[in-house]
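Okay, structure first, notes after.
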Amino acid sequence: MATSGAAEADPDPVEREREQHDDHHQRRLASSLTARYSDWVLESLDELPGSFLLTDPALAGHPIVYASRGLAALTGYARREVLGRSARVFQGAATDRAAVAGVREAVRAQRTHQVAILNYRRDGSPHWVLLHLAPVFHARDGSVLHFLAVQVPIDDARRGAGAPPCRSAQGAVLAACREEARGDEDFPCSSHAGKMFVDMDKRGLEAEEPRVASDSEKEKAISTANCIVSALNRYSKLTGLVVSGKRCDSVGIPALSSSLNLSLGRIKQSFVLTHSCLPDMPIIYASDAFLSLTGYSREDILGCNFRVLNGPGTSLEALEEACTVDLLSYRKDGSSFRDLLHVSPIRDASGKVAFHIWVHLDVGAKHDFNGLTPDVWQLGAVGAVRVAVRGLSASGSLLRPSQ
């Protein structure tokens, strides 16, 4: 009996680790909003009408971090089923690739975009929506904090009795608006749009004709987006991090393009990027693993000097070549850790040093290097960043475009 009780009290370690990972992931998604707009913002967004979602380009995979109540009614997806996922979840076999490419380009250019697009519900049935994509900017430095996606269902009643209904229930139409918002936010992840869903139900595709949104539907999408940004602006003032629907640049720290943010977000190692051409080499990117290691938030760290961890700095003269140092670094709470720090220059397609990468490794912690040595593990991050930077610099997509 004692043995049985002990077994029941001690759950499967793999399952326990999975639950802890899920809890951490959910807290990270929630903090994407609460850390920037206060703890009350979720409640406020839930009260807003319309179908919409928010994505965070700074998180790995550019996931959905908020979905409005209307999403479930429109798509059949429960909120928990879409949070943390890419907006590609709403795309299907007949989703127009050109429409997706247009959204992807708007994300890269960090600009507002409207397009009629065929989305799919959870049961595989297609429906047409007007997708309104809008970036949410940091009012101080013009960086993109979130993408807002509003979805307004396109009414097909005026297109003739022969047109297939987009939704059988009127209540589901309103839900579709909210779903649109989520689909919109999901589209920021559409850099992977080439991977089309091949297992989607194709029912009714033959009957679906491309639709054009009416002026009233376009105005509704804009009005809904303005209300949402207004709410975000109001709550962001409580944290001192004011947001805006329009970019207001300030001199100082440039923001990375959404494309580069997406690429960097897939790298698992703990690292920061510093801008090599600016005075004092400020930090312009910090990975999720670095934030977990140090306890800093992105708002804490971006724009800071690379010596923010208070370890002995490497001289600027030595930074033209890669180097590795073993030093004592400090977390935000003041606790120290033995830091194996690897520093390498990152060159763009022209061969010019654009950034420096600082890969941090807590020597005293347990790590799974997949059979690699610690130094090779760190070099893996360096190589991945170099590939991303060189590829995007060739197309001029490293930094967000100025207006």
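Using N, Cα and C of the backbone, Cβ positions are placed for all residues, glycine too.
Caution: TrEMBL annotation is automatic and unverified by curators.
Features as listed in TrEMBL:
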type	residues	note
REGION	1-25	region 'Disordered'
COMPBIAS	13-25	compositional bias 'Basic and acidic residues'
DOMAIN	45-86	domain 'PAS'
DOMAIN	283-303	domain 'PAS'
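In terms of DSSP secondary structure, the domain 'PAS' (283-303) contains 11 helix, 4 strand, 6 coil. Residues of the domain 'PAS' (45-86) grouped by DSSP class, helix first, strand second and coil last, total 12 helix, 9 strand, 21 coil.
Mean model confidence of the domain 'PAS' (283-303) amounts to 87 (pLDDT, 0 to 100 scale).
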